[in-house]
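Undergrad: I have a structure I would like to understand better, so I am pasting it below and will then ask my questions one at a time.
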Amino acid sequence: MRAVLTWRDKAEHCIYDLAFKPDGTQLILAAGNRLLVYDTSDGTLLQPLKGHKDTVYCVAYAKDGKRFASGSADKSVIIWTSKLEGILKYTHNDSIQCVSYNPVTHQLASCSSSDFGLWSPEQKSVSKHKSSSKITCCSWTNDGQYLALGMFNGIISIRNKNGEEKVKIERPGGSLSPIWSICWNPSREEHNDILAVADWGQKLSFYQLSGKQIGKDRSLNFDPCCLSYFTKGEYILLGGSDKQVSLFTKDGVRLGTVGEQNSWVWTCKVKPDSNYVVVGCQDGTISFYQLIFSTVHGLYKDRYAYRDSMTDVIVQHLITEQKVRIKCKELVKKIAIYKNRLAIQLPEKILIYELYSDDSSDMHYRVKERIVKKFECNLLVVCADHIILCQEKRLQCLSFSGVKEREWQMESLIRYIKVIGGPPGREGLLVGLKNGQEPNANSVAWNTQCEDMLCFSGGGYLNIKASTFPVHQQKLQGFVVGYHGSKIFCLHVFSMSAVEVPQSAPMYQYLDRKMFKEAYQIACLGVTDTDWRELAMEALEGLEFETAKKAFTRVQDLRYLELINSIEERKKRGETNNDLFLADVFSYQGKFHEAAKLYKRSGHENLALEMYTDLRMFEYAKDFLESGDPKETKMLITKQADWARNINEPKAAVEMYISAGEHVKAIEISGNHGWVDTLIDIARKLDKAEREPLLMCAHYFKKLDNPGYAAETYLKIGDLKSLVQLHVETQRWDEAFALGEKHPEFKDDIYVPYAQWLAENDRFEESQKAFHKAGRQQEAVKVLEQLTHNAVVENRFNDAAYYYWMLSMQCLDIAQDPAQKDVMLDKFHHFQHLAELYHGYHAIHQYTEEPFSSHLPETLFNISRFLLHSLTKDPPLGISKVKTLFTLAKQSKALGAYKLARHAYDKLQGLHIPARFQKSIELGSLTIRSKPFHDSEELVPLCYRCSTNNPLLNNLGNVCINCRQPFVFSASSYEVLHLVEFYLEEGITDEEAVSLIDLEAPRHKHENKWQEITSSNSQTLRLDETTDSMRDDDPFTAKLSFEQGGSEFVPVVVSRSVLRSMSRRDVLIKRWPPPLQWQYFRSLLPDASITMCPSCFQMFHSEDYELLVLQHTCCPYCRRRIDDPGP
């Protein structure tokens, strides 16, 4: 530590106190009865302030820099502004000894010989408190909560902001040791408030806020007059009767003298946040010093030891940044470090430390030896068993016991010493002399990882030198203390920083000389990725593959690593052509023309051509080929077209493909882009033998909705099957049928899709015909079954009846195949039965679901009875037994069949009834009880064979309970028709039977009243006059009167003679197609006309049928139009 005098001045009177403005620009001094204001930068007296009438003893500046206060022997305190104007004055009863501003609240404490006062800028008033002794000094804590008062009787009183005493400290010397100066440590890092106390018992002591003493009293050997801390509390200044200012550590260890004076020092202060000290003396001298703290440090490899707080040594591991502090409690003068040794020179001795273990990361030191001697030296070095002292030109080697073993005298001043290693006790020393020093070099460091590199600093620059190459310079503040890899450890003022310096410059110096391995070693110390890549490229071009591989691995460039591996593999296989290897390298680097020249030189023109085409450099490739093989030129054009396609230039690609004869690719691009015109040109230019490209053209024509061109293309190559498929897909059925006529082998390919298309478009009858034409009866049945199911689910029962009838007829058609006859006939009868049920149920559904019904009550009555008789245990899908019984109950009641109605209501009670019918059924069940328990006889059905009256509800179903003859119902009103079915005797064919019936047997003259009207739509029997046409001797009537025996049904079988006796007008024939037999019915009441539909063979009363045909223009059952010819 050195003190340099910056400026000095002398006042006429003793300087009792001084204060700095918080920003350090002004200095206020108490000199006589005036205040002197100085500029701190150059010592200029700015202004003397007059206000006091007697000697000014004390002065203090507020922390905010807005005002300062002065206290005088005239018992007054004056408060001044920073502009040097007095704004307030107040007095005490005795002379003012000291003043101090609260650092937080800016409250002013002013102390006199008998009391102290607290003045607050807000209250503008002073609160005074008595004191038992003269107050000599005062100081506020950092947080402004407590005020310490030092008294002449050796007592320290700690008061709160209100002046109340909280702690009282009595010094051992009492009134013999007056307290002359006290100050709180301003450091924010200390956990406790620490009060430094200097008394005229010549002691320096430290106390906590609680009054507890810290450590022991430290003897001073002079009477202290002033005590003050540095801004951060790290050092203490003390001055007094020894006529000098001394620097102490915050713990009270004396470090040295700041400046010797000619008289007592009454005051000394540190300029805020700086190392400048001002001293005021008895003789009026004002001295302004700058303190310079030199850096004391040592370095060995990655361990750096330096002095901290003047008395501590910190050893830092530069790589791991671990730190350890060694407290010496004395001024540290020199530090040396080597391997596991650490030497510290103190004022009166040298301590030698060693590491606890050999672990390179161990940071624990212990004392090995002590040399208790005072040494004066410029440099200190420690070795394994010795210490080296340097004094000017002389080197001394001492053992750890302090015995001098050797001495050397140098020709010039020694500026640098370094231990460069060697066996313990015989280490080598590197000594730097002033006469061999590099200009502007104040410190030097060798690279610990590369023997050929060092760096030195000076003049604000860092210089890096590798081998014998020129020095590389860059700006750097401070000086270097270590060089490890790419890190340079630099000390600037008191802070150590690690600067990452890329080793690019020395690496390039090696590269310029093609010294790749050495350049790689430098790069390993630390260079940028760009430098690594440059090293890799240079090594690769120099064919130094090992170095290149390492460098490319570092930058993770897999592409070049693959190249190097492939070259190494080729070398192993015996390839030695370096030109070829270098050509590969150049092509990878993008130097394509140089690569092409090398390929050509090494006789591998094909590789150059391949490179150009891969890079789409087709013009260069053509130039390279010059007048080459046309095959290769065509290949080039194809590759160019591929490239044009990839870069989204399809038009150009198509033209190139066509010129290269690659029609398939041209068609593909044109088709994908929808260029029909281009496709037409290609298709018309192609020969019909080129089948594949033409088929592709046709495919794209179809896709682009141009079937005409597709058809043209298929015709060109004669692909009729594809042409048929095209017509089918585009639904051009006329062209398809025309083609089918000429080529019957495609019949299936046309009619099956046509039928499916018709079915999808709800044209089912046409669809069936198409299926028939294609011979696909099963499909026809399947379509109809699905449609029927849908109709039932959607409650379209009349449609369901129609579809079931169509299904039955379809099954009958299929039954002509002997293999399927039995199954299909069963299906025919089943579907016929379902068609009749749904046809009848349609009316029931309409009646129950719609508000109005077009059917007569008798019709609904008959239908519901017919359905109940026909239904088995499980009714078909969609047919509701509840609705049927409900209809029967309502119509029976309306027609007078009360017994039947009651029976229907009773039946309903056992069924699940929908909520909407619930009330109606319950009401009907009650009201029917009021009606007589019998049925109207008019409603009772009659059997026309045996003239038996049948019950309204028949357990046997729709047959006579007596003769078991099945009833024949009208398909509109569902009344029992006066028809009896008869069968032919064995041996009589249908044709013979019809011819016998057609014979006109002799009749009585009144029998010509019958008239038969035959049309294409129906057969009608009409009686012109009402008369009994049945004679007693009618053979058929005789057959009817046959008595039944038992419960078996005995059919009416007629012979030829009976047939001959019948009139054609009385007989209705159901002419079923094979394999079914015809059915014959005889009308027993010829006066009531009956009509039979020639398509579905359903029977109707003639008047009903004519009316229904007029309404629907077709048969209400099979929907055969009246203008259609018969089956």
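Note: Cβ is positioned from N, Cα and C throughout, glycine not excepted.
As the structure is a computational prediction, the values presented were derived from the model and not from experiment.
Straight out of TrEMBL:
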- 2-188: domain 'IFT122 first beta-propeller' (DOMAIN)
- 189-292: domain 'IFT122 first beta-propeller' (DOMAIN)
- 297-437: domain 'IFT122 second beta-propeller' (DOMAIN)
- 503-882: domain 'Intraflagellar transport protein 122 homolog TPR' (DOMAIN)
- 936-980: domain 'IFT122 zinc ribbon' (DOMAIN)
- 49-80: repeat 'WD' (REPEAT)
Undergrad: Mind tallying the domain 'IFT122 zinc ribbon' (936-980) by DSSP state, helix then strand then coil?
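TA: Reading the DSSP string over the domain 'IFT122 zinc ribbon' (936-980) gives 3 helix, 8 strand, 34 coil.
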Undergrad: Mean pLDDT over the domain 'IFT122 first beta-propeller' (2-188): what is the value?
TA: 92
Undergrad: When DSSP states are grouped into helix, strand and coil, how many residues of the domain 'IFT122 second beta-propeller' (297-437) land in each?
TA: 3 helix, 79 strand, 59 coil
Undergrad: By DSSP, what is the split of the domain 'IFT122 first beta-propeller' (189-292) into helix, strand and coil residues?
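TA: Summed over the domain 'IFT122 first beta-propeller' (189-292), the classes give 0 helix, 60 strand, 44 coil.
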